Amino acid sequence: MATMIVPNSIAFQLSANSLFFLLLIIFCSSCKTTFAFQGTKSKSFHHILHLNSLLQSAACNSSTQGLHHQKSSLQVVHKHGPCSLLHLDRAKTPPTHAETFFQDEGRVRYIQSRLANKSGCKADVKVTDVANLPAKDGRVVGSGNYIVTVGIGTPKKQLSLIFDTGSDITWTQCEPCLGFCYHQRDAKFDPSVSSTYSNVSCNSVQCSSLLSATGYLPLCSLSTCVYRIQYGDSSFSTGFFAKERLTLTPFDVFDNFLFGCGQNNQGLFGGAAGLLGLGRDQFSLPSQTARKYNKIFSYCLPSSSSSIGFLTLGKRRRYGSKSVKFTPLSTSIQDSSFYGLDITGISVGGKRLSISASVFTTAGAIIDSGTVITRLQPDAYAALRSEFRQRMRRYRMGRELSILDTCYDFSKYKSVNIPKISFFFRGGVKLTIPLVGTLYVANVSQVCLAFAANSDASDIAIFGNTQQKTLQVIYDGAGGRVGFGTKGCY
């Protein structure tokens, strides 16, 4: 417990000796270098990868397919890429591949432990890293996050936030930073200069409902509700639970949006101003905007750090097209935040793998925008790896890369054939993973299969963001389904 001195000029008016609880935890950040893939369409069961396409672009390709024709869309970009202003912050160094995977493992362990705790209170940590605007790939909480820019307050203050489908509470760092604020590129939000800011009281229904969204019981600083949230990588945010005007686009403005005004925040958030939650709890962005958008949103994660994706609220015109296939949300996932999937099979190069149905049903699966590498049950991954290696036997193996144990040295080739990998979901949905989602490229002599095994058969599978790149992923919360469409962006 600590004593905080709050200036009288602060609009949310707390006394000079307010009692405020602080969390002190250290966080490590991670990120990876990304490459632009150019594959030729093949009528066979293989992608053709041209090795001269494995070059990182220093310029931003701002032509995002379909983005500018949708009113309620935000841009999604890679945090450390040329499309993001955050990359201009020289105080932040992009993480190495090893750091990326270390952080990714931390997020995966947190998700799995949280989902394994199916009784009463949630685990002692809570993941939060999503946003609803043009998606930019960020390497912060969980290492595989993307960022968007939203407006908070009146007058509007533009802030770059991490968006995450595994988080619910939206928060940003606020002045006067009573505890500690990490370095961010945007100027911090100052509630004292906003005419639409107000605190949530301790005895309100909203305050008493915070446990389901954060995993922590709220605290009280005099009459003001105090939220607490901690993530799988041990980063955290603590501050005042408040209401404010949220501006997503000129057509999407929401008053009395509930969010966290962070006064004590620690962790390497990569210069982002906070987090935007896209989970399923009542305090998530989809839930708070449900009257207008019916809990429907979609995104496309760009193929590389030099490209731009999108985050769209409500239905897009392509939802009804034959190219979009929907699978029902899994009923086996008991956590109220995550979006569950029922995987029914995997194929490699057109061959359906011999994997018992019980392998997938025992632990289940979720889709997550913050996990970088897809995790599979040990038996499922072993079958995938074996068939992939068999079909790639003509190529020289390369050094393993952290959790990735199937890597190749393509330095002597101009082009290579990569077997297509497809996932099958309940409802007869077949999703062929794009080439950019099949491989993780460290360099031309270390190109790896972008999947990894869980340590135990009882650990939940996670469909990660690498495999989602360039896909249009649609979340229909009201309809209880998730959809996939091809060629969502570049």
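Sequential numbering from 1, following the chain as shown.
A Cβ is built for glycine as well, from the same backbone N, Cα and C atoms used for every other residue.
Pulled from TrEMBL, these are the features on record:
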- 1-36: signal peptide (SIGNAL)
- 146-485: domain 'Peptidase A1' (DOMAIN)
- Asp164: active site (ACT_SITE)
- Asp368: active site (ACT_SITE)
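When the Cα atoms are compared, Asp164 (active site) and Asp368 (active site) turn out to be 8 Å apart.
Most Cβ neighbours within 10 Å, among the active-site residues Asp164, Asp368: Asp164 holds that distinction in the structure as shown. Mean pLDDT for the domain 'Peptidase A1' (146-485) in the predicted structure: 94.
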